Amino acid sequence: MECSQFSKYSWLDFFFTLLGVCTFLFDLGSDVWVAVDFFSRGDYFWCGTVVGFIAVSSAVVQMFSWLWYRYDRQLEDFRALTLTEDFLLRGRGRCCLNLLHIFQLGLFMRYITAIELGFQVWWKRKQGSEYAVYKTHDLSMLRLFETFFESTPQLTLMLYIIIRNNQASVVQWISVAASTISIAWMVLDYHRSLRSFLPEKAKMGYSSSVVYFLWNLLLIAPRVAAVAVFTSVFPQYLVLHFLALWLALFVWAWLQNTQFMDNAPGEWLYRAAVAFIWYFSWFNVADGKTRGRNVIYHSFMFVDSAILVATWGYYRDCVLTEAYAGTLVSVLPSAYLLGLLIKAFYYWFFHPRRWDLLPQSGQDVPDTQALSGKDDPDSHGDFRSMPVTPAPSHLQNRRMLNLAKNFYSAEPHPPYPSSANGTQQNPVI
C-alpha cells in the first residue's frame, strides 16, 4: 500500500460526477454552436479552427483514456464493478471499447460508468467506494487535458477576434469571462483530486480553495490575453512562437524525468501534453524541490508575456485601440504579478510543506506523522468528500498518487515501483 488513507465516495462526489456530465455536454454543445455560427456567417477559416481545436483535444483525451484502460486491465487484482466495464474490458467487449475511443466517445463512456458505479456505492450502499474515487481521479485528469487543449485555445481565439474587430457584444464578454473562470475552476478541481491523497487534516477547505482559484485565474487570464493581443498584430508568427516555446518546454519536461505513464510511448505523449499546458499554466510533474522550477517558469512566462504585450503596444493601430491600450498594457503585467503574490500567500499559509511516505501494507499513522508543516487552517470545511478511512489500496490511482507526491514533496523520495496504480502488472498482452 502506498497510502493508507483516501476519501470515501459521498453523495457530493456523485453530484459532482453528474455535474461533470452536464458540463461536458454543455461544453460540447457550445463548441458546436460556435463552429456553426462561424460557418453560417461565412467565416469558414474560424469554423475550421474551432473544429480543429475540438478534434485535437478529443484525440488527446481519447488516447490517454484508452491507454489507462489498457494499463488498468492488466492489474492482477483488477475486476470491473459495473456491468458496462465488465462487458467492455473483457473478451469481445474490448473491440467495442476500442471503437468507442476511435469514435471519440471514451470520455463520455467513462462518465456513464462513473455514474453507474457512483449510484451503486452511494445509493445502494454497495462496496466499491475506493474504486469510485479511483474513477473520479481519472476523470479529473482527463478534463484537465480537455480544458487546456480545447477551452484555452478557443478563449485565445475569442479574444483575438474581439481585438481584431475592435468590438464585442455583451454575450461575447460573458462567454470570455465564463471560459476563463471555467479554466481556473478545472485547475482547482484537479488540485483537489491531488489533495484527496493527503491525510484528512490537509484536505482543501473553502478558504484555501478560493485562494487557489484566484491566483490561477490571475495567472492564466493575463497569459491568454497576452497571446491574443500579440496574435492580433502578428497572426503569422503565433505558430512559430508556440512551437518554439512548446519544444523548449517539452525538453524541460523530459529533463525532469516524469514518471506518470506506465510505458515509454505513453510517457512521451504525457510530456508533450505537459509542454502544451505549460504554454498557458504551470503545474508540477516531477519530484524534488519545486521552488526553483516555479521561479524559472514564472520568470520566463512573465518576460515572454511582457514581450508579447509590448510588441502589440508598439505595432497596434493607435487610432482603433487608443481607448483601451494603456489600460491593457498596465493591467496584464500587474494582474500576473498580483497572481504571483497570491500564489506565494497560498503556499505560505495553505500548502502542505512536504509529503512523508506512509508505511506499506495498510498501516495507519497519525496525521502529524503523515504531513509536516502547517496544516490547512480551514481543512474542516472540505466540501468535496467525506472523512477518510483506512482501506486497502490496490485500487488507489497510482497515476494521480504519483502526481500528488510530486506536488507535495519538499525532498526527493525513492522511485515508485514499475506498476500501475500501486499493483504489480501482468506481462503486457
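Every residue, even glycine, has its Cβ placed from backbone N, Cα and C.
In TrEMBL, annotation is done automatically, which means it is predicted and not curated.
Feature annotations, courtesy of TrEMBL:
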{"type": "COMPBIAS", "residues": "373-383", "note": "compositional bias 'Basic and acidic residues'"}
{"type": "REGION", "residues": "366-393", "note": "region 'Disordered'"}
{"type": "TRANSMEM", "residues": "12-36", "note": "transmembrane segment"}
{"type": "TRANSMEM", "residues": "48-69", "note": "transmembrane segment"}
{"type": "TRANSMEM", "residues": "170-190", "note": "transmembrane segment"}
{"type": "TRANSMEM", "residues": "210-230", "note": "transmembrane segment"}
{"type": "TRANSMEM", "residues": "237-256", "note": "transmembrane segment"}
{"type": "TRANSMEM", "residues": "268-286", "note": "transmembrane segment"}
{"type": "TRANSMEM", "residues": "295-315", "note": "transmembrane segment"}
{"type": "TRANSMEM", "residues": "327-349", "note": "transmembrane segment"}
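The stretches the transmembrane segment (327-349) and the transmembrane segment (210-230) are in mutual contact, each linked to the other by at least three Cβ pairs under 8 Å (pairs 6 or more apart in sequence). If you look at the transmembrane segment (48-69) against the transmembrane segment (12-36), you find at least three C-beta pairs under 8 angstroms, all six or more positions apart, and that counts as contact. The list of residues near the transmembrane segment (210-230) in space but at least 6 beyond its ends in sequence, with Cβ under 8 angstroms from a Cβ of it, reads 152, 155-157, 159-160, 163, 180-181, 183-185, 187-188, 191, 204, 237-238, 241, 280-282, 298, 301, 304-306, 308-309, 311-312, 316, 328, 331-333, 335-336, 338-340, 342-343, 345-346, 349-350.
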